[in-house]
């Protein structure tokens, strides 16, 4: 069922509670990356231009259900004020007399940022009384925090039970457009690049995407588990020993469906796991290649890079979720870097499914050449698994006039 978007709301002169994702990195009280604040600006500006009285709520970090100055949103209010070119009033509480007074004093076009919602135990518990207090006198609710849309918390799901109408912002709308819409009937060939550490973390998304994908390209430590399941010698590489049967089941399922499931033809090996370590590529596994005793496969090899890049070049749609190796260290970054560059050079619709893959795309400066980079981690994965996100499912249906 289609949900209301911010375009469907008449916000003029009305108090609107908006859940944003301002979970930005801080160092000594200074914001080191404001990308999440910038991502929320289109929806914020849209509502302010309409003349809404906008109340923003967010979490930051993982405080222990109580106030902690290290996780205060005060620096965010200052940065948001700079970006908007207007005063953003910061309130050092999310509910209670101070928050109520600040909200009561608002005029049309004003914006207030409440203190970290996770300073209150009622947030994660999705406590109805806390949700009701957080909504306050707002009649409209807008959720634009995709990164927490998979959490049924008071500020994402609970408040919708008390608002007249609840809608998604532009950021969530765009996430759904790509992670659901573009992948509903993807242009073929549809290639899925899957990496990361654990097969067990990706089993549901692998199963779901197998219904639509033509080819899987597998990298990261999870590739080691599949290679071990095929009987190859991986030395001291990281392997999920208790998931070998699961890996074999996935390989068999792909074969039965006629889906190509490509494992790395070779891997990049180091004898020490440290930055600056010397590395070398194994011979192709099909030609008797193996990881020597004590060696660790920490990236895909040169032949694998060549094969993966050729398949990406011919694709029409590519979904990338998970790095090919430990790209944070330059000596183990080649596989992820070259796959990212192949994706950037392709004419395919390129969708990066959040988390480490987006970090890698930024590191290798290809983000602007890709069709879409998700802002979610767990939320992206759950959406790709076909799950309904609580923060989206709770929004008002398009066919309804209210809730």
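Glycine too: its Cβ is placed from the backbone N, Cα and C atoms.
Worth saying up front: this structure is predicted, and the values here are computed from it rather than measured.
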>> Given that Swiss-Prot assigns 21, 22, 23, 36, 59, 60, 61, 62, 151 to the substrate site, pick the one from 79, 118, 174 that the record assigns to that site as well.
In response: 118
>> Within a 10 Å radius around the Cβ, which one of these binding-site residues has the most neighbouring Cβ atoms: 59, 118, 202?
In response: 59
> To which of the binding-site residues 23, 357 does the lowest count of other Cβ atoms within 10 Å belong?
Replying inline: 23
>> Considering Cα atoms only, can you say which of 328, 355, 357 is the nearest neighbour of residue 118 (substrate binding site) among these binding-site residues?
In response: 355
>> When you rank 202, 355, 357 by Cα distance to residue 21 (substrate binding site), which of the binding-site residues ends up on top as the closest?
In response: 355
> CB neighbours of residue 328 (ATP binding site) within 10 A?
Replying inline: 14
> Relative to the Cα of residue 355 (ATP binding site), which of the binding-site residues 23, 59, 61 has the closest Cα?
Replying inline: 23
>> Let me make sure I understand the span of the substrate site: among 21, 22, 23, 36, 59, 60, 61, 62, 118, 151, what is the greatest distance between any two Cα atoms, in Å?
In response: 18
